[in-house]
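**Q** A single structure is presented below for examination.
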Amino acid sequence: MGFINEARTLVKENIRDYGMYIALFVIMLTFSIMTDGLFMSSRNISNLLDSTGYIAVLAVGMTLVIVIRHIDLSVGFAAGFLGAIAAILLTKMGLPVYVTIPVILVLGIFIGLFNGLLIAKYAIPSFVATLAGMLIFRGALLQVTEKTGTIIIKDDAFNAIGNGFIPSLMIVNGLHLLSLILGLLSILFYIYSEISTRRNKIKYQFDVVSKGIFTFKLVFVSAIIAYVTWILAGYNGFSWTVVIMLLVVVAYHFLTTKTVLGRHIYAVGSNPEAAHLSGINVNKITYMVFGSMGMLAALSGILFTSRLQSATTTAGTLFELDAIAAAYVGGVSSAGGVGKVTGAIIGAIVMASLSSGMNLLGVGVSMQYMIRGGVLVAAVLFDVITRKKRG
Amino acid sequence: MSGYILEMNEISKSFTGVKALSNVNFKVRKGEIHCLIGENGAGKSTLMKVLSGVYPYGTYEGDIVFEGSVQQFNKISDSVQTGIVIIYQELALFPDLTVYENIFVGNEVKRGNLVDWNKTIAEAKKMLKRVGLDVSPETLVKDLSVGKQQLVEIAKALSKDVKLLILDEPTAALNEDDSENLLKLLGELKKQGITSIMISHKLKEVISIADQATVLRDGKTICTLDGSSGEISENMIIKNMVGRDIEDIYPKRPHKKIGETILELNNWSAYSTELARHVLRDIDFHVKKGEIVGIAGLMGSGRTELALSVFGNPKNYKLEGQLKVLGVEKTFKHTSDAIKSGIAYVTEDRKGDGLFLIQDIKNNITAANLNAVADKGIINENEEVKRATEYKRSMYIKASSLEQTVGNLSGGNQQKVSLGKWLFVGPKLLILDEPTRGIDVGAKFEIYTIMNQLISEGMSIIMISSELGEVLGMSDRVYVMAEGRMKGELPIEEANQENIMQLATQ
């Protein structure tokens, strides 16, 4: 009795956070049933996550940009352009991968900082500044690929980023051992950190959820991690893309929820004037957020180029809009100060699941666009309504 | 004084289980000025929202009888059509439109389907004359002072053939002159047969203008006082508002211990490139440890500009002169530098640039000094909650939990959060800009008590205030500003309303 009531109030209070997960679950379940389980097959889930990677990392950066009440339209072609530069460095200049990647990431940071400079220092609206950036990088991408057309990359190490999997050590019963170990470690880490947080709270005599709910949550989340691990281990295990994506999420989640910098970002987003009067350097935060966005655009460019094993003249087209859509599905608000990094990833996976599922069902591209548009509106509508209800 | 123009009978209204109004009776006689008084959260705004149709018929219990017939308003335009117009504290004007466009917005003068601009301007002139506002109807509203904007709002109400005019704290943002003008205008309108309801926290105004005054407390009608029989007095109102006698609104400090000079300004001037003029000129000013220094003056006299120029200069004025903290000359490049030197500034506009309204109490309290609860940039959330809880208690913040969103708190509690946020920084000098604007008597008393406690702990306070009573009641020393200059400095023993106003209007 108490257990169910407590669970019910928890869901009610956190409907906005849980809504996304529930939506993802419903989408996955529906497609699984409609495709006789093909959707949840190891191979499909693995492909789905790999094809989400380059949008998901953009969505993480975009969420923070939108949280501080800005937008970045330049990231798509910036990713395309930086991907092409990576290809040129690898093929024409013959630089090794371990030099190319840091160089590209640093270039990305500079591009982001330049956007930040225009926006923070010269007060150019971010929409305009980054729209200009979008045009410039589109031109720059065409320029560097003009003579050669598509640049094919033959570097195996680089191509592995978008196509390869972590080594398995050995295969046990057809399952990828290292992935299983990683999955197990994440479950243990998750349980450990939850228990230590709870202990700490009890030490400070704060309210905690009852033991029943707590155990249920531990088992539930662990089961999901275990299930995903099991699915992926049944194919080729964790891909490098998934590993990179997870690292980005964990790092940004930590940054936004646990650090002073993260709190300052949300403060600037919820009231820039008040933030300034609280001694927060609003310009510095703007530089940092756009710098991080630039770095993630570079990472997105690397992931995409590596996945195609080549740099093309149209790479990066509409990435920025996919990333913005993912961020909004993930619960970010354009009014500023609201939005989570984990939401952005879920948003990206929701959008990718829709594409993947509809592809499996043979739904035409025209319908796919319309359905994805509908889901975007529905997600934001849900957000607006639940926010109003909670006042 | 024939009969009632408005009778609100047994009005009750609940929000998700909480009773905001219970069986409120409120009767307004035709042609009178009726003041509605009560602490924040007493139900005044809710009652007016019921009356104006913001809360449609059916969502409340009880009857609204206007001019003898029961009204069922479903939306605001219904009440406007009947002749009831509300003017809110936050004015609903379009700053980039002209005065005449603002007066007739939503109520356009038409010829066929098109707007007749010539007739609009002619009508607007008539309305402006009625409210005694001598500006061209083609002026942009943003170029008018707040006081004049208020008159435009009233002109707008008159253009709708208003019978009952409701003003929600109309003088809260006005200086004394403009307030007086406005009150005079209400008297004029009364002669023209317009009934007014005025919500106000300023008891003097109520006493001077009200024919009747109704006091609400905790969602109930406490009493209706009659002006003609002399029932409306400060004591009576306060007693009924708070349900107890407040011996003295300004609590006394036991003893003064004045120490060394904390802040000193010499020949301090500030030039605003945005406004293309000096906002401050040749200011000499100092504050000592353990004293409350009041800065009086009219709106626009440069008091807030002075505070901002000291507090890290967020408006990027060009500064000249000398600023010393504890005898050492300083130049602050950013608000964070001022904070590091022990200065804190509680803004006059807590909603606009003071608080993070969508965030919870905890995040607001720790926002200006997160490093105090963080280790190497990583926040210790448990420690944060613990510290924030202490402030919630010591600031008397009334809220169900630390996780409550600040935007949902009452004005007084928001102000306490704002104050708590700055005390969490542990400043040596606290600058309070209009610390009690728009908050009720009870919360005011609590804030004064906190101020006295801080002083006894050795802090210094600069209090900028437009309420002379507050300046005289709380300060150890009073400065008076006008037109960006320091017009005078008065020890509290010599200061009184007359000499302060004389300096302020020099």
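Each residue, glycine too, has its Cβ placed from N, Cα and C.
All TrEMBL annotations are machine predictions without curation.
Positions annotated as transmembrane segment by TrEMBL: A:21-39, A:51-68, A:75-91, A:97-120, A:127-145, A:165-192, A:213-232, A:238-255, A:285-304, A:341-363.
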**Q** Please figure out which one of A:51-68, A:75-91, A:97-120, A:165-192, A:213-232 racks up the most CB pairs under 8 Å against the transmembrane segment (A:127-145).
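**A** The stretch with the most close Cβ contacts to the transmembrane segment (A:127-145) is A:75-91.
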**Q** Which range wins on Cβ pairs under 8 Å with the transmembrane segment (A:213-232): A:21-39, A:165-192, A:238-255, A:285-304, A:341-363?
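**A** Selected stretch: A:165-192, with the most Cβ pairs under 8 Å.
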**Q** Within this structure, do the transmembrane segment (A:285-304) and the transmembrane segment (A:97-120) have 3 or more Cβ pairs under 8 angstroms, counting pairs 6 or more apart in sequence?
**A** yes
**Q** Cβ pairs under 8 Å with the transmembrane segment (A:51-68): which stretch of A:21-39, A:75-91, A:165-192, A:238-255, A:285-304 has the most?
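**A** That would be A:285-304.
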**Q** Thinking of Cβ pairs under 8 Å, which stretch from A:21-39, A:165-192, A:285-304, A:341-363 has the most of them with the transmembrane segment (A:75-91)?
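**A** Looking at each of A:21-39, A:165-192, A:285-304, A:341-363 in turn, the most contacts to the transmembrane segment (A:75-91) are made by A:285-304.
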**Q** Can you say which of A:21-39, A:165-192, A:238-255, A:285-304 has the most Cβ pairs under 8 Å with the transmembrane segment (A:341-363)?
**A** A:21-39
**Q** Near the transmembrane segment (A:21-39), which residues from the same chain, at least 6 beyond its ends, have a CB less than 8 A from one of its CBs?
**A** 346, 349-350, 353-354, 356-357, 360-361, 379
